[in-house]
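Undergrad: So TrEMBL lists the following for this protein:
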COILED    226-257  coiled coil
DOMAIN    23-62  domain 'RING-type'
DOMAIN    103-157  domain 'TRAF-type'
DOMAIN    152-200  domain 'TRAF-type'
ZN_FING   103-157  zinc finger
ZN_FING   152-200  zinc finger
Amino acid sequence: MERYSKDELSFVKEVPDQIEIECPVCLHIFTDPHQVSCCGRNFCQSCIERIKASNGSCPMCKEERYQFFEDKNISRIINGLQVYCTNKAKGCQWKGDLKYLPTHLSKEMREGDCQFEKVKCRYDKCRIRNQRQHLNIHEKAVCDQRPYSCEHCYAEVCSKYPTKCPNSCASSVMPRDSVPDHLTQCPLEPVDCVFSWAGCNDKPLRKDVQVHTADTKHMTLLAVACGQLKKENEQIKEKMTKEIEKLKEENEKTKERTLSYLGVINYDSHPILPVTVSRHGDVVHFYTEVGGHHMSAAFLEPKLYLAFHVGKFDRFSAFSCPKILAVKAPSKLQDDRLISLHIVNVIEINITLTSSNEVTVTLQKSYFDMRPLLPFFKVPIV
């Protein structure tokens, strides 16, 4: 549906001040007016839907929770407003209900009721817009882009035919094939607003772009657009998080299948993290993950010791056992429980016991982030 600003229209009768006909968001006359439940104000349907979709608050009262519904009364009032044709100053005598104005103008169509409306020439490369009443004359006798048999070369279209800027700017006559390049710099060429992505449909002349861009109405459009972008960004993040989790699960399953095919899926009855190590319990052997490193853990007061062992899956690892706290094993480590398998490296961790009660430490997989570039290997104690 066509949008009109109040300044574009000429009303047969002045609109009473108490009748609200302009949308506070787009500043155009309402199209499909909808009323909000919070403050009772009206907005264009497309404007309030865009704000609601971005979880935005009401632009007028800032209420965050509200509904909106069609205001048929305002719609009926606006459609029934008597207006003159927007081409009245050019000579058109039409007047009628606002709802019939788009049909009368028939913009962008060759045929239509208003003979003073400017429309595009039938030839694609022609940028000149003429009133309907002059269109046939232009196309048959004036248009620089019309098919014409040159009396010298007999070509239908002469690329060097001298022509003027279709916007009637101050530039001199130019060859026909130079017109497209000229239009990229022409100060009178209509261009898209830099905020078109945010919902501004205006097409200011290139020379007026800075003035148009400074219009404060763009702040409202930006607020709505940024809210929508924020919502879309959160949806993308949520989707990517789910995809990452799905890929992790598929990767674990693929790793298990690969190791199974290679005949090394046996873990020697050792569990995979997480495991629990008790203060007075035995040494706990475990694997850090499926196809991961073989380790063991034990309390030898007042310290917790973690040891790397030569495991079944070392040859499949992307890197060798990390170089961690390479200490000489103290005498306490000469315990058959802890060195029942060959120990590669040992970590010792001081633990402060706050009571004589049983102390347990749960080792989680996240503790064993064995990146090869890390110079030290840290294990939190909880």
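Just so you know, glycine gets a Cβ as well, placed from its N, Cα and C.
Just so you know, TrEMBL annotations never went through curation; they're auto-generated.
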Undergrad: Please count the residues of the domain 'TRAF-type' (103-157) that DSSP assigns to helix (H, G, I), strand (E, B) and coil.
TA: 14 helix, 6 strand, 35 coil
Undergrad: Could you put numbers on the helix, strand and coil content of the domain 'RING-type' (23-62), residue by residue per DSSP?
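TA: Helix (H, G, I), strand (E, B), coil: 9 helix, 8 strand, 23 coil.
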